[in-house]
Amino acid sequence: MCVLFSLLLLASVFSLGQTTWGVSSPKNVQGLSGSCLLIPCIFSYPADVPVSNGITAIWYYDYSGKRQVVIHSGDPKLVDKRFRGRAELMGNMDHKVCNLLLKDLKPEDSGTYNFRFEISDSNRWLDVKGTTVTVTTDPSPPTITIPEELREGMERNFNCSTPYLCLQEKQVSLQWRGQDPTHSVTSSFQSLEPTGVYHQTTLHMALSWQDHGRTLLCQFSLGAHSSRKEVYLQVPHAPKGVEILLSSSGRNILPGDPVTLTCRVNSSYPAVSAVQWARDGVNLGVTGHVLRLFSAAWNDSGAYTCQATNDMGSLVSSPLSLHVFMAEVKMNPAGPVLENETVTLLCSTPKEAPQELRYSWYKNHILLEDAHASTLHLPAVTRADTGFYFCEVQNAQGSERSSPLSVVVRYPPLTPDLTTFLETQAGLVGILHCSVVSEPLATVVLSHGGLTLASNSGENDFNPRFRISSAPNSLRLEIRDLQPADSGEYTCLAVNSLGNSTSSLDFYANVARLLINPSAEVVEGQAVTLSCRSGLSPAPDTRFSWYLNGALLLEGSSSSLLLPAASSTDAGSYYCRTQAGPNTSGPSLPTVLTVFYPPRKPTFTARLDLDTSGVGDGRRGILLCHVDSDPPAQLRLLHKGHVVATSLPSRCGSCSQRTKVSRTSNSLHVEIQKPVLEDEGVYLCEASNTLGNSSAAASFNAKATVLVITPSNTLREGTEANLTCNVNQEVAVSPANFSWFRNGVLWTQGSLETVRLQPVARTDAAVYACRLLTEDGAQLSAPVVLSVLYAPDPPKLSALLDVGQGHMAVFICTVDSYPLAHLSLFRGDHLLATNLEPQRPSHGRIQAKATANSLQLEVRELGLVDSGNYHCEATNILGSANSSLFFQVRGAWVQVSPSPELREGQAVVLSCQVPTGVSEGTSYSWYQDGRPLQESTSSTLRIAAISLRQAGAYHCQAQAPDTAIASLAAPVSLHVSYTPRHVTLSALLSTDPERLGHLVCSVQSDPPAQLQLFHRNRLVASTLQGADELAGSNPRLHVTVLPNELRLQIHFPELEDDGTYTCEASNTLGQASAAADFDAQAVRVTVWPNATVQEGQQVNLTCLVWSTHQDSLSYTWYKGGQQLLGARSITLPSVKVLDATSYRCGVGLPGHAPHLSRPVTLDVLHAPRNLRLTYLLETQGRQLALVLCTVDSRPPAQLTLSHGDQLVASSTEASVPNTLRLELQDPRPSNEGLYSCSAHSPLGKANTSLELLLEGVRVKMNPSGSVPEGEPVTVTCEDPAALSSALYAWFHNGHWLQEGPASSLQFLVTTRAHAGAYFCQVHDTQGTRSSRPASLQILYAPRDAVLSSFRDSRTRLMVVIQCTVDSEPPAEMVLSHNGKVLAASHERHSSASGIGHIQVARNALRLQVQDVTLGDGNTYVCTAQNTLGSISTTQRLLTETDIRVTAEPGLDVPEGTALNLSCLLPGGSGPTGNSSFTWFWNRHRLHSAPVPTLSFTPVVRAQAGLYHCRADLPTGATTSAPVMLRVLYPPKTPTLIVFVEPQGGHQGILDCRVDSEPLAILTLHRGSQLVASNQLHDAPTKPHIRVTAPPNALRVDIEELGPSNQGEYVCTASNTLGSASASAYFGTRALHQLQLFQRLLWVLGFLAGFLCLLLGLVAYHTWRKKSSTKLNEDENSAEMATKKNTIQEEVVAAL
């Protein structure tokens, strides 16, 4: 059958002589599971084959095997079920297209597919080859083809293709990523041809240097399937992005600072081969990426560039301006100048100086105001312009000063200053001194009577009585043994090259001289001695006369007048006269003795004068303050904290025109015209001078407030009254608020000036006053009495019964009325008494007493007739009233036994008596203070032991059974006495200027106790003595005695009043006591001029003590708790901010504890400084930016913050002082820019600025910044302000990565190369913004483990075993040997079980093992493990093959010790006969010997160093490792060098150095006080002392050299082997000696110069003389020669 089929097929093929039957399809087609694929297919058949019924298309799967039908166009039922619905014939059979589409591919669809088409039974064809289909689950990576040559500027195509293609899939893509979209174009091509099926994307790029290092990624995606492939571009290019980085960016570069310039290249391929540096276009000849200036100088300023070169080319960076921040002063013209010339000083700065420099000029360290330009012009200079000038340049980063330049102005001598003195201390001596001011120095000549006596040029009168000394521009003549001829006129002449001047003075030889010791100006209490000296010869009867203020004070034989304690009365003009026999000296010149004393308590009065002339207001206030002091005190008058007037003349623009101030010495008179309310109050007069201060206060009442009652002060009840408060004030208070007082008590407050009483009631009658409420308070008006008239009210009539001494009744009638009422008392119709005639009754049983509106009637020996109706009538001009009562006489009374006066605890019996006797059945009731006593119903009340609470009024009531009326007894009072109890003693001190102490002792006692007050066992006050008697004992004490109370007032308490007071209370029954401590506050600190001062002012702090023992006081000061030297006062010549602290002084009396004052805080005001402007950004949500400006200022500065030219914030009263805070909510790019902060205060201002960068761009990593290797990571650039057209540039570890519209980087498979720092830049129309770098950490398991070992053979065999590994995170490492753990990284402090020392580092473990036994079994295992995996490695220690050096006794030996170094062979074997050993010291060859030992007997310090040996053995030469030999020795004598600042001696340096091994401990002592040490914890710290301690050296810099820092300093050096010390004097004494030595050198130089000039003149004169003689000899010789020649010529002619 097959043979027949083949024959028929051949016949059909060759029937027409051509091959037209065939099928074309790809050999291979690939697809992905779940996707689809298309097998392109075309077929052909001969043209002459008829097609009548169409063509049947059949696709088979595995035709040679299973032969499953995939497609059957004739009978679809024949299709295998697994292909039904998934296979589709896509071709048109009429067009001979037979494409097969397979959908929903599965892996089992892989295999061979064959196409068969049938036209008829005899015309059919089968594609035997078929198409192989491969279906996989994951796609294979795309195929990338790249050009061979890549270079910058070329355009190249990069092709990426994949065999997977399915047109029916919509989610299929083949894309290039990582390219720059602005310089590249992509195109795509799909091939569905019988020749092949593939999908290709072409990337066309214009290459640039930025493409170097770019990773191109081609990614294929089909539904959920994807694959990718990367290619790394290497584009050769010249260096790009060359720039210079400055190490000192952001601050000033000062002279001497190290500066590093780094040439950074952004990109270069190949690598940079050369870097050249240039400054200002001139090649510096320096190569390398880094240019280091170890010490910046003037010439280092300039514009720097660097040029980077590789094989592709070179690039020069942009110039970087380097400015060395320094200044130099240049002068035009240079050198000394003459007066009236113009001088210009230029403050020159190096090149590349910034434009915003600010200049300041200083002369002699004093700032010149209004000199802020780079040049300083001095037109028409004078001698006052001579001095040292320097300039200061300043910018935002700091300031720097130039070196000083000396400006010398030359001028002729001024008028000389000629003075004369008489010295009679050791013989009569006259001194004449002449000094002059000139430039250059002048020649000074002193003459008398036309005769030159002395000159500073050396032309002197060599008189043995004369002693001459001179200095520059100064001449001093001392004349001994004065004679009358020495009197007369003396003349001083001064001459220099520019002119001369003279002055004259009369000198008298025989004149007395008055000397005052210690000075003509002393402080009160100081001892003063006045001495009288004259030229008279001493005689036995020499007399001295003393005169004070022209009047004879004393006459006697003593030449001295002693004032043991000078007082103000001793001040005056003194002179003396001497008389010796018949000779009398002239009077001495008057000398004024001035005695200084602090201000006494001022006399201060304040009064109001009323002008009775009737012209004008007629009111004026007079304030007069007078004080006694010398020097005159500065007076200040203060009112409500404000200065009203001072004794210093000043213009007060804010003072009232009504105030007139008159000033005299120590007196201040202030007159206030028409005083108003604001002028009232307490005025304080302060007086202060350099020795102390005092004050006094006075109250001034201007009567500016007047109360007026209308219509009258006396009104009838029910009428209307208006009370008006009239206030005379300068500025009306709006709204006004008034306080009204009634009978001295606050009545009402409000804004009404008038209070209306409508209607007026009797209760309104009172004393009224008012005042205006102000902040400082105001005086009350004068009180006004309001009287209210009304008729009498019904009188109050009462009757009292007293039977204590017999029956007595008292009738009292009182009434309320005004005016006073006429009172009459009646019994029935019988008039008993009136207040007009109170003694009207004539009998003595009835007595009447009358007071205002009160009438009292006493009726004694009451009888039944006194019972009846009593009534009282009251009458005045406005009306009358009456009242009545019925009085019945009752017969009971109370009898007390033993007495109503009782002692506490005593028994008492009270009996109820009735006059008619006791009836049977009478009942009794007892009452205490009106309260019934239930426990007693008998006629007797017994109290066994009476107490205080049982004292009071007792009465009884007797009720007879046969009567209805009870008999009520009058009350009887029981008084109970008791011992003193509850003694209290309180001690108070008022703080007003009067200083008043109060001691109050009170007690509960009956009878009143006798009180005694003791102080230190001394009776101070007592109730036994009268107040006058006690006050007379001490005028400062005032005693007030009240019942059971004793008050002691101490006026101006003194130090001796301090202490414990005891109060003792006693009466006849007992005693008690109490104690209290009294603080007199007699020690007080006063601050002059004020406790609030400006920085730089002089401040005096004085310890004021109120004490009667001023001479025996000792003082101690405390500054901020630190004790200072003791003195009554301390002076701060120039107060600093550091001085702003609390001060207190302590005063001690002999034998008593010191008394401390209350602290006083010194407030130092200064201009704003340390202005700082910073900003903070919220890192999470970026919703807030905080701009913070702070400054150091006192008083607090007014801060303003500006953005550009717009003010954005300023400080207010509610702000934190010296702080300004600006919060920017949701900041935008418009908020970025330059912010300026200014600080203003009354003392100055400061400014600073800052560039605000919001940093709104940030890099975010997903899923996190730390991922395991191989995991995908997406790096996103987030910028909330980015526009849609923004471009994103990415940088990795500072290198450009890519740029494009994509805001994210995707790493599908991360590797270690992806780790590092990423940051991005966003470019849009708003500008360019950069993010901060974000770190990406790639985690991976440990790898590349290395276990190594090496030996350290110094003195013993030591092996170091080290294991390292590469891992992230760091691995935990374990080192083991034979299964035993020797070391572990997580036990870094272990000692390896005593085996050796362990060192742990990141991914490294190091073990030092001593005395390792070499040989087998030395296998070590290192294991490293982290969370991602572990790794281990092994290492066997090698056997020892090298020689080593051993030392005996060791390598650290003391100097002088014997030492042997041995060259030890491997294994400890000895040397053979042909061996030799060579020793080396510090790499220098010493010697060779056959023995391996190098001996030192003994070793010295110079032999310390590195030693190693070389052994020449028969087997070859080998060299040991070097060992270090240390020779130990004690310190040598230290070198102590002292440096003192030559200008003013304010700074100094002590430098101590020593040689020792081991290093020495250095200490520096002044006396017994430790000043510094190189052991930091030993030395005390002081702010003005800076200590530096390099090895074996100690340096101490003292910035403020004071007396406490001067003295002998000792530097001591010690180590374990010994110690040594050296000393030197440190202070200004050395500076003074240096200055004296400099002056001596100047004089010697002058003398040497003069001598050289003189020798030169002599030599010149000798030379001239010799030259003249030689010339004459030469002329004579010439003449003789001429004559000789003439003779010879004549002889020749004759011949």
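Any Cβ shown, glycine's included, is placed from N, Cα and C.
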According to Swiss-Prot, R116, S122, N123, R124, W125, L126 bind N-acetylneuraminate; which one of Y63, Y164 is annotated to that same site? Y63
Cysteine paired with C1552, where Swiss-Prot records a disulfide bond, from C1509, C1611: C1611
Member of C306, C391 annotated by Swiss-Prot as disulfide partner of C347: C391
List the Cα distance (Å, whole number) between C770 (disulfide bond) and C872 (disulfide bond). 41
Using DSSP and three states only, what is C1611 (disulfide bond)? strand
Please compute the mean pLDDT of the model over the domain 'Ig-like C2-type 10' (980-1079). 85
Please work out the number of neighbouring Cβ atoms within 10 Å of the Cβ of C1063 (disulfide bond), leaving out its own Cβ. 26
Using C-alpha positions only, work out which of the disulfide-bonded residues C98, C1189, C1237, C1552 is nearest to C1463 (disulfide bond). C1552
Work out the three-state DSSP category of C98 (disulfide bond). coil
Could you round the CA separation between C263 (disulfide bond) and C1320 (disulfide bond) to a whole angstrom and send it over? 23
I need the CA-to-CA distance for C813 (disulfide bond) versus C576 (disulfide bond), whole Å please. 91
Spatial separation of C532 (disulfide bond) from C492 (disulfide bond) - C-alpha basis, Å: 29
Nearest to C1611 (disulfide bond) by Cα distance: which of the disulfide-bonded residues C306, C1189, C1277 is it? C1189
If you compare CA-to-CA distances from C306 (disulfide bond) to each of the disulfide-bonded residues C41, C532, C725, C1001, C1320, which comes out shortest? C1320
Residue distribution over DSSP helix, strand and coil in the domain 'Ig-like C2-type 8' (795-890): 3 helix, 57 strand, 36 coil
Can you tell me how far the Cα of C41 (disulfide bond) sits from the Cα of C1552 (disulfide bond), in Å? 102
Compare the Cα of C1277 (disulfide bond) against each of the disulfide-bonded residues C98, C576, C1001, C1103, C1145 and report the nearest. C98
Rounded Cα-Cα span from C872 (disulfide bond) to C1320 (disulfide bond), Å: 113
